[in-house]
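Database features, via TrEMBL:
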- A:26-42: transmembrane segment (TRANSMEM)
- A:62-81: transmembrane segment (TRANSMEM)
- A:88-106: transmembrane segment (TRANSMEM)
- A:112-134: transmembrane segment (TRANSMEM)
- A:141-159: transmembrane segment (TRANSMEM)
- A:192-211: transmembrane segment (TRANSMEM)
- A:244-265: transmembrane segment (TRANSMEM)
- A:277-296: transmembrane segment (TRANSMEM)
- A:303-322: transmembrane segment (TRANSMEM)
- A:328-346: transmembrane segment (TRANSMEM)
Amino acid sequence: MTAATVNAPAESTAAKLLRVLLTQRIALLAVLIVIVVVTFFINDAGGYLTAPYDFDYMSASLINAIPLAMLGLAELLVILSGRGGIDLSVGAIVSLAGMGFGFAYGEWGWPLWLAILATAGFGALLGAVNGFLVSYIGFPALIATLATFYAYKSLAIVINNQEPISTEPIQELFSLSKSVELPLFGQYVPDVPLGIFTFLLPTAVAVWLLLARTSYGRRLYAIGTNDVAGRWAGLPVRDTRFKAYVYAGLISGLVAVVTVGQFASARPDAGVSGNGMALPAITIAVLGGVAITGGIGRVSGVVLATLLIVWLNAGILLAFVGNEGSQYQLLALGAVLVFAALLNGLTNRKYGGSQ
Amino acid sequence: MTAVAEAKIKKRVLPSPVTGQEFVLVGVLVLLWAALAVSTPAFLTAGSIQPLLVATAPVALVGVAMTIVIITGGIDVSVGGAIMVCSVLTAKALVGSEVSLGVAVLLSVAAGGLLGLVNGVLIAYGRVHAIIITFGTANLFMFLGLQIFGSGTVNGIPGTLAFFGRGPDGRTLGVPHAFLITLLITAAAWWYLRHTAGGRHFFAIGGDPQAARLAGVRVQRRVLLAYVLTGLLVGLASCFVIAQGTSTLDQSVGSGKELAVIAAVVIGGTSIMGGRGSVLGTLLGALLVQSVASGVTQLGWRSQLSDLFVGIFIIVAVGADLLRARARRNR
Amino acid sequence: MTDTNETPRLRLTAISKRFGAVRAIQHADFTVTAGRVHALVGENGAGKSTMIKIVAGAETADTGEIEFEGEQVKLGSTTAAIALGIATVYQEPQLFPELTVAENIFLGRELKKTGRVDWTAQNAKVVELLTLLGLPERYATAEVGTLSVAEQQQVSIAKALASDAKVLILDEPSAILTDAEIEVLFDVVRRLTAAGVAVIYISHRLDELFRIADEVTVMRDGRTIGTYPIKDLSVRQIAHLMVGEELSDARPHREVPEGPAVLELRGLSRAGKFRDVDVSVKAGEIVVLYGLVGSGVSEIAACVYGIDRSTDGQLLVNASRVDIKSPEHAQRLGIALLPANRKVEGMFGFQSIAFNISAGHLGLLSKFGVWVDRAREKAVALKLIERLAVKTPHERQPISAMSGGNAQKVVLARQLVERPKVLVLAEPTQGVDVGAKEEIHRLITELAEEGTAVLVVTSDLPEALRIADRIQVVRGGTTTVEFGPDASQVDLLAAAAGGSEPAGGTTKAAAAGGSEPAGTTKAAAAGGSE
């Protein structure tokens, strides 16, 4: 305390700027986004890209931000809850809940709103299994969600004999992922993917309200910061942690609906094929400044981290031909994550932590 | 000290070499194999057991190193990506310059060691949690692997590595070489962890790194070594992976292996919190997982159903351990 | 003084040490002899632990001389001290639960044979050590995690001895042990002295010194008051030396309003921790439970607050019997508690002051039980910041950036958001600067004036006398004697530390012990002349 106040006046503007960038993750991400976008605009102007990198393109690429940001928010909730909180099973929940949605809407002909509600509820139930194991039984989160990852993944594939569900109502859902013109001033700005408004924004706002405005959010930050102190302060520690996993499952259920819409099909491996959805989601959360030890992390960080990665990926796709693009996306993601992690380490040593 | 007294002490210088969890695993394996033998007579034949052992080898081998990493309190989720890099590099070398078996193995192991070194340096000296660093390097390794792949698959891999494969060249006296090597390395690691100061230090680091440092353990070097070791074994395991396949290697190689390896380690009784674990258990865990996979297909069920059992095994194995720990605390 | 002709094992002369502006030790002398047990006693903050750290090489003295076996030495690091044969056993055993006892003892300096650990040689050495300590051989191969706390402590002693210790420092070894376990410890210490080891024994329990120590050095306010053969002193006399001349704390007598007890403990017990605790607190009254570290006093607080469950006896709130199941339950009954370990049990580290105050009262500070009422939260936080005189620029300051005293005030503020009927404070001023201590004491009195029933659990002697209307002394896990606010520090300390002679308090058996306080013995006079 004394050292900080004494040093403050002597700190130069450059040193101050550096400190803000290192300690305020939001500021760092914003600067990185600007750098990325400007870089690609310049490349675009120079004619080095295979297609124009403009606002229309950036807007259209936001379709990829929907599942990524939503699952990043799900990870935000569980990682915040502390004690090594993490959820490896979100991708498997997307697969299994997606199949559930496929049956409800595509096969049994439930009304759309009911099917969506049921899918979200199903996801919450699957998350509750994680929460029960972690919070009430005392499993390390990594182990519990590794186990349910395998179990849900397996069930999703077995439940319909490895077949996707792509009946007519499901195929028509593709309209959910189209882009729309915004009302009032829409003609002046690019069209935006519909899912941003129907799924991502409501989720982001809901999670933000939950964390920043409700007493539940306070309790979650409290137990994530110090769950022993939480107990001595009379907080319902187990219940609070349990619910974080339930909410993560619920969000994963909503992502299942989005994914079914984007593929126009309920695919049994939707959330686990290739690299799966969990690892990128955790990456986004960590990049967004969520401390793996719990108690630190904000919605804005996760959203900005998603925008950074999505727009970086979109640009990379145009900078390389064919498969190369998707490969360089891996490089970018990995490099940014390692960079951010090392920066966290440095920040902790130099300034005693970041926000 | 008299010779008699010395002999008396010699008998019990260390705790039991096999843990309770391992006995249980052996029991479960025996029961499972018995049940499968009864339901599908073809199960207990060489034609069924040999592929089972070959398929177990890579996961068990990487599991040995992963066990050590987890004992130190770390984790490595980049082994899937590392397997991809090593196997595609080796496969390309086999196709392009037709290198010999020895050179191929050496190349693969060296490549793996290098990747492990990257992880090790970042984790031991960067002071960042292992899970975050290896999430990052997992992406970097996959990029590297895909770059080496270039476009599409690697085709026409010669049978140089058949020594490790499923075919008759891959067996001596009916025992697959890949499994035999895995067994030997597991035994060596078991001995190392149990009988050398360096091996014991891994446990101390996982228990309390600060106290270990004060006791004179070179913590950073040990941690670095654990990840380098992982890389080296990933290199060898990649040769097994190539040998198991057809003459074609596709881009999904290594995908999801990190979780399979961690599952084997956890089922084997190693604590994810560090400080406690056994490579023997990991071998048994890998064998159990592969036996279930093999059993599920032989019973004519969907192969993916085996993952459900993997999930259940993890819950039961770790759950039993949690209950034991709780009982010990309450005692 | 023990002036013998042989060279002392270790002699410290005119040692001084400052931490910033604080003089931790001033001109202290300390001599230990081979084969003897030297007790080092003093109140909290008297300088014992700094003294020990200097001997163990963990701190370096500013001035003064250290002689080891007659030769002047510098103890610049713990390794240097260990190399000389000075080994320390701290209260918290630094052991690896998953490794065997032999491994723990040899970690980092394993005996090797052709590249592998020479288990046989190590075990032979360990068995030798265990035999010396009178411990069973089977310990050698047992995993440390399977041993009891007492056994682990014995392992720590064995570990300290493995490097051929000539001086062994035992820091509060008996605090965590049961009576039977203390007997075993004493056996071990006697064997060591018989083997020629010099033992420095630090303890709060004065009675046990008479069974183990040969001489005792008393410290007070950073000075060594003197060294005496233990047989020349009594518990009371040692207590007197530790406390010194009592300053008459001119504290106005408070009138406690008559009324029924708000909180009452009747024979409350928790197996293995405490038993038969009887306390009652009226509205507006401040009752202190005074006990030494390890007396069970902090466990009593945890039980009243529902962190632990009692196993026997009754707990009454407003004369009705309750079975408190959890801290939430305690809060609903109007009981608030300030935890003893601020960092671990109290603070939400990197969160703001306002966050730290409102946590635990989110139900009250929210609209419809869902939304945090941030305006009210801020108002409440600002009000409490002002009332407790928390020094901070604004309520958004993270608590981890604050001094101990300020952080403690914030954690205390959390207990006052909803005015509690019963306020339990565990070690309210531990690690707090003098100014904040003063303010916290003033606040406690204020709260009582407003009608709160206050129960203070403390091991701080002056604090107990300063704020209490009544003092219950806890010793060996049970309430023993009750004192009024006029009791002397010597009486209290003697009662808590196990003085057998009757003191100026009322024992549980209601036998009034009015014998005159021992004050003017030779030793006490020596202490007072300082």
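Every residue gets a Cβ built from N, Cα and C, even glycine.
TrEMBL labels come from automatic prediction, so no person has curated them.
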Six or more residues beyond either end and a Cβ under 8 Å away: which residues meet both conditions relative to the transmembrane segment (A:328-346)?
22, 28, 32, 280, 283, 286-287, 291, 308-309, 312-313, 316-317, 319-320, 354
With Cβ-Cβ distances below 8 Å as the criterion, list the same-chain residues six or more beyond the ends of the transmembrane segment (A:277-296) that contact it, or say none.
25-26, 29, 67-69, 71-72, 74-76, 79-92, 94, 149, 221, 224-226, 255, 271, 302-306, 308-309, 333, 336-337, 340-341, 344, 353-355
Among A:26-42, A:88-106, A:192-211, A:244-265, the most Cβ pairs under 8 Å with the transmembrane segment (A:303-322) come from A:26-42
The transmembrane segment (A:141-159) versus listed stretches A:26-42, A:88-106, A:112-134: most Cβ pairs under 8 Å:
A:88-106
Is the count of Cβ pairs under 8 Å between the transmembrane segment (A:244-265) and the transmembrane segment (A:112-134), pairs 6 or more apart in sequence, 3 or more?
yes
Which of A:26-42, A:62-81, A:112-134, A:192-211 has the most Cβ pairs closer than 8 Å to the transmembrane segment (A:88-106)?
A:112-134
Is it true that the transmembrane segment (A:192-211) and the transmembrane segment (A:26-42) have 3 or more Cβ pairs under 8 Å, skipping pairs fewer than 6 apart in sequence?
no
What parts of the chain pack near the transmembrane segment (A:112-134), using Cβ distances under 8 Å and only residues at least 6 beyond its ends?
85, 87, 89, 93, 96-98, 100-101, 104-105, 140-141, 144-145, 147-148, 152, 241-254, 256-257
